[in-house]
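J.: According to TrEMBL, the compositional bias 'Low complexity' annotation covers B:1-19. What TrEMBL records for B:1-30 is region 'Disordered'. If you look up TrEMBL, you'll see B:77-260 marked as domain 'Glucose-6-phosphate dehydrogenase NAD-binding'. According to TrEMBL, the feature NADP(+) binding site maps to B:Arg114, B:Glu156, B:Phe157, B:Lys221. According to TrEMBL, the feature substrate binding site maps to B:His251, B:Lys255, B:Glu289, B:Asp308, B:Lys411. What TrEMBL records for B:262-557 is domain 'Glucose-6-phosphate dehydrogenase C-terminal'. Per TrEMBL, the feature active site, proton acceptor maps to B:His313.
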Amino acid sequence: MTTFNLTETTASRISSTLTRLRHQMGAPAVGMVLTLVVVVDEAGQYDALRAATDAAREHPSRILMVIIRDPAEPNRLDAEIRVGESAPGEVVLLRLYGELTEHADSVITPLLLTDTPVVVWWPGECPEIPAKHPIGHLGSRRILDARSAGEAVAAISSRAGSYVPGDTDLAWTRLTPWRSLLAAAFDQPMGKITGGVVEAAAGNPSAPLLAAWLCDRLEAPIEIADSAGPGLTGVRLSIEGGGELTVSRTDARLATLSRPGNPDRRVALARRPTSELLSEELRRLDPDDIYAAAIRRLAEMKGRGRA
Amino acid sequence: MTEQQEPQAPADDALQAPDSSGVAQEAGDELTNAERAILAAAQAATTATTELTMAANPLRDPRDRRLPRVAGPCVLVLFGVTGDLAKRKLLPAIYDLGNRGLLPPGFSLVGFARRDWAHEDFAQVTYEAVKEHARTPFREEVWKQLSEGIHFCPGEFGDDGAFDVLAMMLREIDETRGTGGNYAFYLSVPPKFFPLVIEQLKRTNLAKGPDGSWRRVVIEKPFGHDLKSAQELNAITSAVFPESSVFRIDHYLGKETVQNILALRFANTLYEPIWNRGYVDHVQITMAEDIGIGGRAGYYDGIGAARDVIQNHLLQLLALVAMEDPTSFDADALRREKEKVLRAVKLPADLATGTARGQYVRGWQGGEPVVGYLEEQGISSDSATETYAAVKLEVANRRWAGVPFYLRTGKRLSRRMTEVAIVFQRAPHLPFSKDDTEILGHNALVIRVQPDEGITVRFGSKVPGTAMEVRDVNMDFAYGESFMESSPEAYERLLLDVLIGDPPLFPHQREVELSWNILDPIEEFWASQGQPEGYASGSWGPASADAMLARDGRAWRRL
């Protein structure tokens, strides 16, 4: 792997350095399929980069890490370019100082790969309306993470207000194995669901989202209950005419599925690392309508709760 | 019979059950009439059980693309678990499916073999196979889920008692694991045992499930060794299983790059206009192996390269490259187009000049001295089995008339490589001097199937400098070099398709028979020609293969 540091630089110098490095490595043809812009602070940089480079194994991409530094310092752009064998594609860490912190898009725009999708990911704090954010505006897909917000449940409940097609949240991605298991259980004929409960550690943003999705699809009231965790620990759905469909997971790894008239079955349902969540996000770049429906339903539920 | 009735059954369910019809109504509100008509047609066209239940499942939505296709509750019964294929491919693939969350809760695996094993012993064998060969990381919880469903049934194929035990075991699994009487029987055994196993499945009533459940049988190549034997083999399976329940595995069709041929051709506008005799000069389809026959002497001798590889893999690749666009990607439409191409394949008028075969002799391969075919263990010293085969075929239709398709395969060649190369005609006029373009070859589009999966485009480019000099350059596309490590293995995809009941990637019996129709005359001709020509191990095959192309003014691509 080659690391190349540029201090007090510009986008065009970064761009020509990238081209030069690629030629030096003898691989001028690029097979990269997208640009991933990660907006992150210095503390979250390492973990985010690791997840992004892991995801790049499945989706070779140019990764642009935008790290906002002290706005009070003089204007300055530092770049660290990494090209090499550890991951296909390229990584550029951009550190912005001074007034430039307000104009990150001017640095990003010239560095986007031509005519391929742009995905923006906020592993930490995200702007109020991601699609209106100068960098978010460049992306066709915007990945947020309610879990890293101070008030995670409030954050996910207010997503509907700022939703623009292309938005998505890792709190939703974390649910895919749960949703897949529940959907598989419903592949066998099942009576009408009259109500249910989603149990999770307090403050878990995925729990209300799962409840909203179930409520939306099953047309039944779904409640949220606190449990000892970790993460989501169970879903219980009451079937009309008696009986319950339950999925319970207490160790964050192995779940038990039980339904009336069937033996209990154990299913692997492990929590996934961020890199896998990100890979899933990058697999499909079209707007996620089901997510949109779920956050809308969640906002409605919250609205009713307050009234 | 059950299979054919299935499409209507869920529709009735939807009408009778008030809850599910309500949901269907709501989904319908969002659709236009046209969309509804398309949906209905699609549902009517498909025979996959799962897709129909999906329509009645409130948690599924075609727009919800995150939810993977998960097989319904079922048992996979594996005959021949001690074989190499089971250890290296099938058992790891099952684990990988589990790891990706694609196996249903309660999924059970039953091994059947002539071993004095308990369930735990088979679980241990599976564990070792998974540890060594699985592509995804080992996770304790996935293994736990899988191992709870692992069973073993000891016995011989001729032993009625063993199959009675198997039938009982399966009924018990239905009760304890909730698998609902859905069984897939994977026959990873030599074809000579097929009649025995199938007869036993029939006798024990395992071949036909009660209403609402399915039974499927999976068979591996070789599908016979000529047309007659293929038909006999089919007679055996079709007497017990309906064609829609028979899944013939050609693992090449499960490969990402092979499926990508369809995407490349039918999702783009760039290639289709030139994908015909107006622009294509010829097509080369190659499967080269650097290894010898290894431990397969018993199987290989008397079969040879053409039956082993051309009949299935290469003719399937030819069909995918040459076929017209299917009306949809469902099994029927896809198979229909492939069959049309196979039916249109014409053999060269003179088989002596239009085919070539060879047998490797002692030499050096990749820096190691290796023995010749006749010196391999278990091969008689006068064997006339070919280890290299090349044929020139024509596809007699409007799109391809006059465009030769050269197919070649061989063992102990200089390297391992499978590719399809579409070689284009030269530019009709070159406004350069003859010297400028002296080293310019044909443009080519190469689909690299393995290893190093990807696509290469070869075209002329100016050599930098003050003189106008044009030479060939390659442009490569690989969807991530490391991408393929984590992408599903061919067997994973195919096993999942079997459990879901999704048949497009499996050749139909008609395709098998059409392929033998193509190969039989060639084999007959070769049988009358005595010994194949020798070629040095580690070379690119016999001289007659090169001469075959040279006569047409062409040359094989150097791989």
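Glycine too: its Cβ is placed from the backbone N, Cα and C atoms.
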J.: Can you tell me the three-state DSSP label for B:His313 (active site, proton acceptor)?
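T.: Note: B:His313 (active site, proton acceptor) is helical by DSSP.
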J.: Cα distance, B:Asp308 (substrate binding site) to B:Lys221 (NADP(+) binding site), nearest Å?
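T.: Approximately 8 Å lies between the Cα of B:Lys221 (NADP(+) binding site) and that of B:Asp308 (substrate binding site).
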J.: About how far apart, in whole Å, are the alpha carbons (Cα) of B:Asp308 (substrate binding site) and B:Phe157 (NADP(+) binding site)?
T.: 25
J.: In which DSSP state, out of helix, strand and coil, do we find B:Asp308 (substrate binding site)?
T.: helix
J.: Return the member of B:Arg114, B:Glu156, B:Lys255, B:Glu289, B:Lys411 nearest to B:His313 (active site, proton acceptor) in space, with distance defined Cα to Cα and candidates limited to these binding-site residues.
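T.: That would be B:Lys255, nearest by Cα distance.
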J.: In whole Å, could you give the widest CA to CA gap in the substrate site formed by B:His251, B:Lys255, B:Glu289, B:Asp308, B:Lys411?
T.: 21
J.: What's the CA-CA gap between B:Arg114 (NADP(+) binding site) and B:His251 (substrate binding site) in angstrom, rounded?
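T.: Cα of B:Arg114 (NADP(+) binding site) to Cα of B:His251 (substrate binding site) measures 26 Å after rounding.
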J.: For NADP(+), with binders B:Arg114, B:Glu156, B:Phe157, B:Lys221, what's the maximum Cα separation in whole Å?
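T.: About 22 Å separates the two most distant Cα atoms.
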J.: According to DSSP, does B:His251 (substrate binding site) fall in a helix, a strand, or coil?
T.: helix
J.: Of all the binding-site residues given, B:Arg114, B:His251, B:Lys255, B:Lys411, which has the fewest Cβ neighbours within 10 Å once its own Cβ is left out?
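T.: Comparing Cβ neighbour counts within 10 Å for the binding-site residues B:Arg114, B:His251, B:Lys255, B:Lys411 gives B:Arg114.
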